[in-house]
Amino acid sequence: MIEMAAEKEPFLVPAPPPPLKDESGGGGGPEVQSHQEAASGELRDGTEHGPGPRAHSAGAAASGGGGPQAQAHGEPHGRAAAPADVGEERRGGGGTDLGPPAPPRPRNGYQPHRPPGGGGGKRRNSCNVGGGSGGSFKHPAFKRRRRVNSDCDSVLPSNFLLGGNIFDPLNLNSLLDEEVSRALNAETPKSSPLPAKGRDPVEILIPKDITDPLSLNTCTDEAHVVLASPLKIGRKRHRHRGPHHQQQQQASGGNDSNAAVLPTDPLTPSLHGEGATQQQQNRGQNRDAPQPYELNTAINCRDEVVSPLPSALQGSSGSLSAPPAASVTSAPSTSSSSRHRKRRRTSSKSEAGARGGSQGSKEKGRGSGGGRHHHHPLPATGFKKQQLKFQYGNYCKYYGYRNPSCEDVRLRVLKPEWFQGRDVLDLGCNVGHLTLSIACKWGPARMVGLDIDPRLIHSARQNIRHYLSEELRLQAQTSEGDPGTEGEEGTITVRKRSCFPASLTASRGPIAAPQVPLDGADTSVFPNNVVFVTGNYVLDRDELVDAQRPEYDVVLCFSLTKWVHLNWGDEGLKRMFRRIYRHLRPGGILVLEPQPWSSYCKRKSLTETIYKNYFRIQLKPEQFSSYLTSPEVGFSSYELVATPNNTSRGFQRPVYLFHKARSPSH
């Protein structure tokens, strides 16, 4: 045995490394017994061991597993049994001790991943300290570990469209070299790809004035632009209307057809004879029924407060006339206009086809020229009764409804010397704010306000109390500071007005109406110098214009031309201009504020008459100045006064001044 061991000594398994420290504190690992190894050990050490010596494996000692012993007999070539897996030994697999195992050693900076089933870690996001003398951090078993060295590296881009590299993907460095830049930009689509072409056409807005592209210096409501590409017609959304709505619409259809026809009686009869009696009856009706345009609805102001009509106005029989009956009546009203933007519940599904057919004709008629004549069918949906109410532009506080608490900015462009001691006629005075302001501030000899709507005239007469109360309040403040009221002790005696709730005065108007002017009172002092009359200034025939006699020094025509133009067409507007010229005395002036043509289309669907006249208009507002100075009318000259800086751009309209010669030609 000794000889055999000596001969086979070079083939023995090398001795295991010295055992590591028992970090886990467990028992010994599995023991392996080998007779050949024991014999060779005796030759080296020279000591005698008993039969069956045991050799402890280094791996078992290091692991501390305390597993079962494995004995190998008759192993070929004297080799001992292979120890268990190194990973299993280090984890302490197969041992009976349940102590925490030692962490594995990192190899070349790589931490091997533990399978989720081994080791029995604690809950997530917790720090685990190994048992025994040496404490170490243990990563959670079921949490993915971040790799230090990734197995698969990310593929960096190598092909750049602009010819750059990873450090210069846009190839900006090529711009430093002019030759390279010129070569790259020789073919534009390659160096800078063109954007994808969209489905919708690009709308190019070309301004009318290239020096003012934003139309900041113009006074029109809308900038006149020309579209190089056609507009895209959007689809309108219509709410679903059930059968209940259709039944209700059919039930109310018969009543609306009869209620839409207005009476054909004259709006205002003549001022003498039977007309005076009829006018008194109308005044009584206005006192009884509440008026929607009244500023003070709780106080019934007597019409006798207003001074009587001047004799010059009573003497002229043809100064006031009624509008033609054809322009007052209109088509039956069944539903709202198709051009209205708001959703209305007064149109049923059966009208969808008619609405679509009329919309196309209206769009084509918007840009119709003056010299062309086309056939424009009427809207199939009809006109509403509410629209007939305001067909003459007789909105309450038409000019100042957007800024009711502010002063009329048109007063800033007017000059007081135009009105002092003059006879003034204000056409389309509405509720009379501008008329009363001029009569109160600048002292005209006579101020006549004329409007076609009797309800607006009724409100204008009631507004006299407000202006008179304001004047009385200012006079009271002035008298308080008068030095002539000093007493015996040298102190100023101030007579304070009785305290009264300001809210009642603001909501209910003045406490008392102004006094009725006595006989012989000065008629040139406010409020005796102002009077409001209901009537239509547009005459029926040209023969009546020739019979007009001069009566006034100043005629005001603010924001009126559009409504005369739409209701009576070119003939009615020309007739009104000629009558204004004949109504002025030699040396008189006309203050004109026309509306722009762009604002006409917004009101073309009010009535059937307006819709027809809109497409027949040939005399545009830009041609008013040339027409008024032509021999057909007779004004000698005109000038642009200014454009009031109104807060609303739609009311920023130019104000013109037309002069009548001292010796008129006719």
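Positions of Cβ are set from backbone N, Cα and C atoms, glycine also.
Per Swiss-Prot, S-adenosyl-L-methionine binding site is recorded for TYR399, ARG410, GLY428, CYS429, ASN430, ASP451, ILE452, ASN536, TYR537, PHE558, and the stated evidence type is similarity to another entry. Just so you know, the Cβ of ASN430 (S-adenosyl-L-methionine binding site) picks up 28 other Cβ atoms within 10 Å once every protein chain is counted. The secondary structure of ASN430 (S-adenosyl-L-methionine binding site), as reduced to three states from DSSP, is coil rather than helix or strand.
The feature compositional bias 'Basic and acidic residues' is assigned by Swiss-Prot to 1-10.
Taken from Swiss-Prot, the feature compositional bias 'Low complexity' covers 50-61 (among others).
According to Swiss-Prot, the feature compositional bias 'Basic residues' maps to 235-244 (among others).
Residues annotated as compositional bias 'Low complexity' in Swiss-Prot: 245-254 (among others).
Taken from Swiss-Prot, the feature compositional bias 'Low complexity' applies to 309-337 (among others).
The compositional bias 'Basic residues' annotation in Swiss-Prot covers 338-347 (among others).
Residues or ranges marked as SUMO2 cross-link by Swiss-Prot on the basis of similarity to another entry: LYS620. Secondary structure at LYS620 (SUMO2 cross-link), taken from DSSP and collapsed to helix, strand or coil, is coil.
Averaged across the domain 'Bin3-type SAM' (408-663), the predicted model reaches a pLDDT of 84. Per Swiss-Prot, domain 'Bin3-type SAM' is recorded for 408-663.
The annotation N-acetylmethionine is assigned in Swiss-Prot to MET1.
Among the features that Swiss-Prot reports, phosphoserine is placed at SER57 (among others).
Residues or ranges marked as omega-N-methylarginine by Swiss-Prot on the basis of a large-scale study or a structure entry: ARG91.
If you look up Swiss-Prot, you'll see SER150 (among others) marked as phosphoserine.
The phosphoserine annotation in Swiss-Prot covers SER154 (among others) and rests on similarity to another entry. Reduced to three states, the DSSP call for SER154 (phosphoserine) is coil.
Look at Swiss-Prot and you will find THR188 (among others) tagged as phosphothreonine.
Residues or ranges marked as phosphoserine by Swiss-Prot: SER191 (among others).
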From recorded positions GLY428, ASN430, ILE452, TYR537, LYS620, the one whose Cα lies nearest SER154 (phosphoserine): LYS620
Rounded to the nearest Å - Cα separation of TYR537 (S-adenosyl-L-methionine binding site) and LYS620 (SUMO2 cross-link): 20
Top Cα neighbour of LYS620 (SUMO2 cross-link) in the set of binding-site residues GLY428, ASN430, ILE452: GLY428
